[in-house]
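**Student:** Feature list, courtesy of Swiss-Prot:
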- His79, His238, Asp242: Zn(2+) binding site (BINDING)
- His265: active site, proton donor (ACT_SITE)
Amino acid sequence: MIKQRTLKQSIKVTGVGLHSGNKVTLTLRPAMPNTGVVYYRTDLNPAVAFPADPNSVRDTMLCTALINDQGVRISTVEHLNAALAGLGIDNIIIEVDAPEIPIMDGSASPFIYLLLDAGIEEQNAAKKFIRIKEYVRVEDGDKWAEFKPYNGFRLDFTIDFDHPAIGKDVRNYEMNFSAQAFVHQISRARTFGFMKDIEYLQSQGLALGGSLDNAIVLDDYRILNEDGLRFKDELVRHKMLDAIGDLYMAGYNIIGDFKAYKSGHGLNNKLLRAVLANQEAWEFVTFEDKEQVPQGYVAPAQVLI
């Protein structure tokens, strides 16, 4: 049986909020089977819970933000959520003493190391997957994202920025998902932004924690980071990282073929909602026999690095 996963023990880290620029403490805790992924704002009394749910994603302008019916929010969840998807963590309590998850280095890599440091434990309950059964597509102008049936999790993402530092040869990335592929090919890709946009955001009191330490920054001509890129196509890899995190808002790893062109947090969420709203388009599956599991989901998360 392919089993659900949680952490072996709790672990804590301190970082900076991307938008506030303030110190943020993040605590990750084990959770019982079938708990799912639950975010908590512990700076509020009583603490406010945000179960991972695509319908709770109500702001996707600058990040993925969960907002409840009272207007309480928790922002910038996508990189941590991507790390959870990458390692197949089904059940976890995520506590944060601020309105946003710390940005760390702008990638999912620090969260991967944090989760592996806490240790991953299998639980005595069958892991549920969402299997795509029918073609689903959403569009927004020339942007689009789609799912097709596929026995695995395949991703194909294309970006299109008219910028001299983003050539045609670094605008597409394709990958067959596995924990190893995510850790080595995707998790280290950092978020990116354009200097003119960052200056405007900071003038509006946003992105105050943004810096060359936690983002790739481009001016009109080049990349400003002294150390350059971690991959020549780091930007499109990061957009794939974002998509993996956004799609894991379903709370389950997905079996299907995802393809996107110029998609962002909003369209990723729209696709996920469109899939789940169509009962014919998907089903829950579990696997009693490891031989039947799609290739990318076979390897245990403990053998990663």
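Residue numbers in this text run from 1 along the chain shown.
Backbone N, Cα and C atoms are what each Cβ position is placed from, and that goes for glycine too.
Predicted, not measured: the structure shown is a model, and the values here were computed from it.
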**Student:** Out of His79, His238, Asp242, point to the one nearest His265 (active site, proton donor) in space (Cα versus Cα); all of them are binding-site residues in the record.
**Tutor:** Asp242
**Student:** Among all the protein chains here, how many other CB atoms are within 10 A of the CB of His79 (Zn(2+) binding site)?
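**Tutor:** 30, counting other Cβ atoms within 10 Å of His79 (Zn(2+) binding site).
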**Student:** Which chain-mates of His238 (Zn(2+) binding site) that are at least 6 residues away have a CB under 8 A from its CB, listed by sequence?
**Tutor:** Ser107, Ala189, Arg190, Thr191, Phe192, Ile216
**Student:** Residues near the Zn(2+) site, His79, His238, Asp242 excluded, by Cβ within 8 Å of the Cβ center?
**Tutor:** Glu78, Ala82, Gly106, Ser107, Ala108, Ala189, Arg190, Thr191, Lys239, Met240, Leu241, Gly245
